[in-house]
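The structure under discussion appears below in the form of structure tokens.
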């Protein structure tokens, strides 16, 4: 159903917009006049079997696919297309008036752009703020609170989408999008009461305020060792004029690799395939439209509760153990899900005899996968990058982490449906292969950072079997080296 032009009695084209209704099972064509203005286009394509119609719904000329724009231009040049299309197939494109759906779409895209922009700002700043404020022994737990709020937001969004899907008139999505203002207001108001971190205060020359803040957030007067580390880090940071070029230096090679590879691997776990398209997946494996949304809500609940597991264990078991255990569980879950789908759908992607119990087993293993991600790569993909950068490259490093994460989130979201159509069950094997690679990478190249003060992480890299060769003794700047080494040994 789309607006087109109607052939006039004199052989020309009537410019009055109409609604064309094609019925695929028959050769009938119904033409119904529209009320008011509308964009119209009726391309003519000369195929091998003669002239045929190809109808595309567009709002403006610049929204017409490039392939059809090229065809339009060829038909406007007689020398390029000597055999003109019959009059009834001539192209006509008329712009909409004010208040059209195109204008509304532009406004929606602008709103989405602003939402994405400020989401990126929050994702970059919040983990760093939490890591700088938290004591070393609680840094993991407090930082993962950020991931917990994300999972709660995802769960709330699933509930809202489930509720608004039943609103008549097709405007339920407006409610879902508009409710994004609620957390935005909470963040804005709450940020007014947030104090500056000691690192920020020292960098701006407020030494007394930094000491007072350290005493307040640590709950003790014995803050001299940590304060000395912060002062040394600040002095090193002030000597760096260009953090974006300095992060490319050899001594920062470990942090740069982690800033790129950790968010890259996080997206290639395949989690966004599940979270973005859970209703599509569940509907594909046999659930109805409402049941598929309900199943997405179930996976959201699993996501929330599994994040609590990470909060409770990250500072006890450490980052590496959660990475390795979560990677193993995700691998098994994806192999099982891929195999179960392969047995029923095969290479055709069509299954007519799938039972509810069989589909429920698939959903169960998907939940196992979501749980594994929620206590490993989900929170740790944000925690570890936020605690490994020295102050002088911290902002640049975290910016790289967020940019890589958002880039591959976008890429995977764009290609998933196409990949699912072509790879079918093989898509789960594809992500399982990447889980193997990232789990081996963590086992070999990621050192343990639990209970280590953020300004002394450089000593962890120095002790590592591989990364230590990139860091010389002259690259280590901490307040009290002997105390710092003792802290690393204790951790």
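Placed from the backbone N, Cα and C atoms, the Cβ positions cover glycine too.
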Which one of these stretches, 292-314, 315-337, 453-475, shows up in TrEMBL as transmembrane segment?
292-314
Out of 172-194, 195-217, 218-240, let me know the one TrEMBL marks transmembrane segment.
172-194
TrEMBL lists region 'Disordered' for one of the ranges 12-42, 43-73, 74-104; which is that range?
74-104
Limited to the domain 'Major facilitator superfamily (MFS) profile' (1-450), I'd like the whole-number average of pLDDT.
75
Selected stretch (most C-beta pairs under 8 A with the transmembrane segment (399-420)) from 142-160, 256-280, 292-314, 358-378:
256-280
I'd like to know if the transmembrane segment (142-160) touches the transmembrane segment (426-446) in this structure, counting it as a touch only when three or more C-beta pairs sit under 8 Å and are separated by 6 or more positions.
no
Short question: most Cβ pairs under 8 Å with the transmembrane segment (142-160), which of 256-280, 292-314, 358-378?
292-314
